[in-house]
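**Student:** Have a look at this one before I ask anything.
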Amino acid sequence: MATLQDIGLAAAINILSAVAFLIAFAFLRLQPINDRVYFPKWYLKGVRSSPTSGGNIVGKFVNLDMKSYLKFLGWMPAALKMPEPELIDHAGLDSAVFLRIYLIGLKIFVPMAILAFAILVPVNWTNDYLDNSKLEHSDIDKLSISNIPPGSKRFWTHLVMAYVFTFWTFYVLYKEYNKVATMRLDFLASERRRPDQFTVLVRNIPPDPDESISELTEHFFLVNHPDHYLTHQVVYNANKLAKLVKDKKKNRNWLDYYMLKYERKPDEKPTCKTGFLGLCGTKVDAIDYYTKKIEELSKEELLERERVKKDSKSVVPAAFVSFRSRWGAAVCAQTQQTRNPTMWLTEWAPEPRDVYWNNLSIPFFYLTIRRLIVGVAFFFLTFFYIIPIAFVQTLANIEGIEKSAPFLKPIIEIGFIKSFIQGFLPGIALKIFLILLPMILMFMSKFEGHVCTSVLERKAAFKYYFFLVVNVFLGSVITGAAFQQLNTFIHESPDQISKTIGGAIPMKATFFITYTMVDGWAGVAGEILRLKPLIIFHLKNFFLVKTEKDREEAMDPGSIGFDSSEPQIQLYFLLGLVYAVVTPFLLPFIIVFFALAYVVYRHQIINVYNQEYESGAAYWPSVHVRIITALIISQLLLLGLLSTLGAAQSTPVLLALPVLTIWFHYFCKHRFESAFVKYPLQEAMMKDTLEKAREPNVELKGYLLNAYIHPVFKGGDDDDDDLLIVDEPYNDEVLVPTKRQSRRNTPVPSKHNGSSPPSLPDVSREL
């Protein structure tokens, strides 16, 4: 069990690590050679030029202005200066709202920490229960609820504070939900024209023997949305073509690399091996090898491109359908199209850069099967990951290590080594075990078949959060302090589970303190250093870069990474809410994390990250739900803990808290969530009316016609803002084309004669 000395050593190591990262960043960011690594967003916006373009040779690589080093921490106030409206214009609403999650943490936990240290800590500290008992404990435990004797009336203090903390969390969450919902609606109202505002994604289009998918789609929407349908783009299964294009680009990069190598040393012809990863196989001339490979891939690409365009089987039963107004798109996206709710399924189209094209080719029928497979796989992943979690907990238990390896006892008992093992090693070991997890969960989400990157990240974030709650939090509690009772826990009745877990919670506070320092302090400080992108950029810059465009492609600005970063934030909400009443000593460590992370990620969002998409903060309901979940878990575990400490009389009072929390969640859901899943028709009509008044002659068809073409079919960079202006407005009179042979297939007559479907003659005179 970690002592204050162990925590002190861990704090010293992590503080020194964080300070070292921050100082290294402050120095490296001032060097001209690193400018594109630490300020790539400004280069992508075209408002920053490379400082390496002028000056003497040394000045191109090293900053010789000594005065700039005196203000090496100036990036911190600079990161806080940009107002939120300007931040939204600069980085988007997704990024601005992401930063508000850290502010919520500060708003919730700073007042909690003040109250807890003013009220709860003295109540806990002024007891001598642990000193008089035979229980193994540390000085930190004396500050926790564990130091109060069973059955004591002092537990009512903790019960009252649980209510205070809960209602304060309600207040903060309500204000933030209201604020973010308003920000989203204002953002959508003020946002410039985008293709997704006029477009819906239609899936599960039924087959028709007389018409192709394209003809059927056009006919259906001309008949059922005659006044608003504009154009459509069918979806092609171009996954194989995309793979060929990707392989060709990769081989071209290798060819460029060897060409540059040959230019530098003309006397030495570069060679490579043709085997696995270039590590084995026949040695050949590298330039000839990759030249021939590119030629072969170009031929395959051309054949595949023609096949996709001509083969009707390449067309997927899905389409992007665009309308003449936002109002028309909103009506279509938010209504049922036919009496069969499984056909002609419509939803808002993601913006073009948010589309995950690979999954659009998955047949709709297979999606349920894929999600079932992922559900089973995720269950086993969560279940078996408890093994490394248990291993991590053995590192936090010196007695367990000494029993398993008695020959290590003389070394382990050395003061510094013992403090290092208990105070630092468990946190860093857990961090290492979690490195690959986000990639695994993202792969699972992609396999499920979601069609846009934003949804993929939200689904992966849900899985990651569930995993962190079950394995990192509950798993650490059970396999750590209550590991010896695990067999009993498995066989006991369900009503005893919360008591077993609750009794183990205070004993694991020290472990979570060390994890917070490793992941939340040193980890966040390491994020701003960007060591991996720094190394990769300079390697590319040295070996591959020939032109300014090459240099721009070598930059890796990255993005927030919502799928991994948001669940990690939520873990700290869970720890803070659980331990606010139980062991308040943890709260200052969490507050430091939220404060440091807010400054660091604000700097990254302003200067580095280039978000791949803009969802208008559509993820916010998920953030709210996870904080509510953490609040309910903290209440149930407190209920179990008090039951083990002889405070059963408080059970009826505590049972009201989860009920109130669930009621509060549904209240917020009904009050605010519609702003994140629907688009009000009033807002759509207002924006359409305003746009028509300002730009009456804009031809939307030219703007939307190619917006949702698969990227591999685009010849060059498309500018979504290029509009075709015409002298005459678009003609509203449209005939309904069809090849159908049956009146049943055309339930609504065409407008062109007012009575009969266009495929049938006017038979009214003959009857």
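Just so it is clear, glycine is given a Cβ too, placed from its N, Cα and C backbone atoms.
What you see is a predicted model, and the numbers here were worked out from it, not measured in a lab.
The transmembrane segment feature in TrEMBL is assigned to 6-28, 101-125, 155-174, 372-396, 416-443, 464-483, 571-601, 622-642, 648-668. Per TrEMBL, the feature domain 'CSC1/OSCA1-like N-terminal transmembrane' maps to 9-176. Per TrEMBL, the feature domain 'CSC1/OSCA1-like cytosolic' maps to 197-359. For 370-642, the entry in TrEMBL reads domain 'CSC1/OSCA1-like 7TM region'. According to TrEMBL, the feature region 'Disordered' maps to 735-767. Residues or ranges marked as compositional bias 'Polar residues' by TrEMBL: 744-757.
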**Student:** Six or more residues beyond either end and a Cβ under 8 Å away: which residues meet both conditions relative to the transmembrane segment (622-642)?
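**Tutor:** For the transmembrane segment (622-642), the far contacts come to 101, 104, 145, 155, 158-159, 162, 166, 169, 173, 177, 458, 461-462, 465, 469, 497-503, 505-506, 566-567, 570, 573-574, 577-578, 580-582, 648, 650-651, 654-655, 657-658, 661-662, 664-665, 668.
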**Student:** Of the listed stretches (101-125, 571-601, 648-668), which one yields the highest count of Cβ-Cβ distances below 8 Å with the transmembrane segment (155-174)?
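**Tutor:** Out of the listed stretches, 101-125 contacts the transmembrane segment (155-174) most.
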**Student:** Could you check whether the transmembrane segment (571-601) and the transmembrane segment (101-125) come into contact, where contact means at least 3 Cβ pairs under 8 Å with the two residues of each pair 6 or more apart in sequence?
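**Tutor:** Yes, the transmembrane segment (571-601) and the transmembrane segment (101-125) are in contact.
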**Student:** Which whole-number mean pLDDT does the model give the domain 'CSC1/OSCA1-like cytosolic' (197-359)?
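**Tutor:** Mean pLDDT, the domain 'CSC1/OSCA1-like cytosolic' (197-359): 88.
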